[in-house]
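What follows is a set of notes on a single structure, which appears directly below.
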Amino acid sequence: MRMNPTTSSSGVATLDKKNLGRIAQIIGPVLDVAFPPGKMPNIYNALVVKGRDTVGQPINVTCEVQQLLGNNRVRAVAMSATDGLTRGMDVIDTGAPLSVPVGGATLGRIFNVLGEPIDNLGPVDNSTTFPIHRSAPAFIQLDTKLSIFETGIKVVDLLAPYRRGGKIGLFGGAGVGKTVLIMELINNIAKAHGGVSVFGGVGERTREGNDLYMEMKESGVINEQNIAESKVALVYGQMNEPPGARMRVGLTALTMAEYFRDVNEQDVLLFVDNIFRFVQAGSEVSALLGRMPSAVGYQPTLSTEMGSLQERITSTKEGSITSIQAVYVPADDLTDPAPATTFAHLDATTVLSRGLAAKGIYPAVDPLDSTSTMLQPRIVGDEHYETAQQVKQTLQRYKELQDIIAILGLDELSEEDRLTVARARKIERFLSQPFFVAEVFTGSPGKYVGLAETIRGFQLILSGELDGLPEQAFYLVGNIDEATAKAMNLEMESNSKK
């Protein structure tokens, strides 16, 4: 979708000072502002409050109009803390939605929801800006090619492959490894594909945001010597921000990604961590605006808000945005309205399992719950499809036999079932993999495994060629050759102990 970027320097100096309102009421992050008759701002217009607090410190708060109340009043949601604001303060209507800087100048930098740099590296060239509220590309502009996006992570590439220009969800409860998986994907994609990424930190921990920034500087994804050579732009609206900022920070990140797609005609990666916090912030704002809550206390506009964000993430004939979104699952309940609404938009789902994490199998991706629309013979080829189906069948049979094993033990199984269980346990361990970004914690060097190597490895396990190897040889290795080498080392160690 082509849109001419606006070329103007942002700031209040260029604002029409005539359209002034006054704060009539402040309730937390929500402001009611009275304007002169006939001078009402439009929905989504940015309002700016400038002044000084009671101690004389300067205040500069940007708000977004959400409701027109009548009696020449509007209700707006603040994008930053409202501390120090008082009734009667002047409010300037900017006459336009929030606009953020876009283009090459954003690479290697960290921004807040307003597009202001927060990394203490000086101002950003904001001669080119885009409004954060934009319509999705027209149907005729969409690109419908189907191709696989290789990640180098075995369990993902084999069982739930990602679509280039598609939307992928990482589902998991607290502490099962969503953010680590996202960091690994950024690392692998920057190294293997050299693509540009935009990372939207929506309502997550500030510490994780800082860790990610440091990690990117160490791995060279952000080039400290020459910032312009960096491969990623970061947009943060963390847990401590007001709900307005957390609700809009995803749109800011998406707007920056859209510029790379539409104007630079690039393939972009958009990471959102965490899309649930976008819904949560929308729920808080909805309650503050006095809307009647719907199921489980969520906002009545949940599907609309999610749709307006997700429909902008797509491939056009100019370029593509491949989006990988972490989805926190409240109380591990996938039927909760927030994850359930997200499911409808996704091409692939990577479900993280607490059971696998407890066994120490990382990435803790559930091979049976994770799905992908790309796993079809006409897209991935017969060999890949057959291998993936056999792996799933073996693991499913193992899952069915677990109750019998728990009650009666392995000895009561038939010879065929015992062989299935042995192979399934090897497959389960071979689906684990050492990550580059976790090297500092695990001490094992990270591994990138190509798709052909992955398929070959699982075919060897399924064929029975490796039935004689111990299952621990398959744990936390890269390709199958490393597993056989590890088995030889284990055998030598056990012989030397004897």
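Glycine residues also receive a Cβ, built from the backbone N, Cα and C atoms like all the rest.
Feature list (source: Swiss-Prot):
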type: BINDING; residues: G172, G173, A174, G175, V176, G177, K178, T179; note: ATP binding site
Q: Specify the count of other C-beta atoms within 10 Å of the C-beta of G173 (ATP binding site).
A: 16
Q.
Rank the binding-site residues G172, G175, G177 by how many other Cβ atoms lie within 10 Å of each Cβ and give me the one with the fewest.
A. G175
Q. What is the Cβ neighbour count of A174 (ATP binding site) at a 10 Å cut-off, with all protein chains included?
A. 11
Q. For G172 (ATP binding site), what is the secondary structure state per DSSP, taken as helix, strand or coil?
A. strand
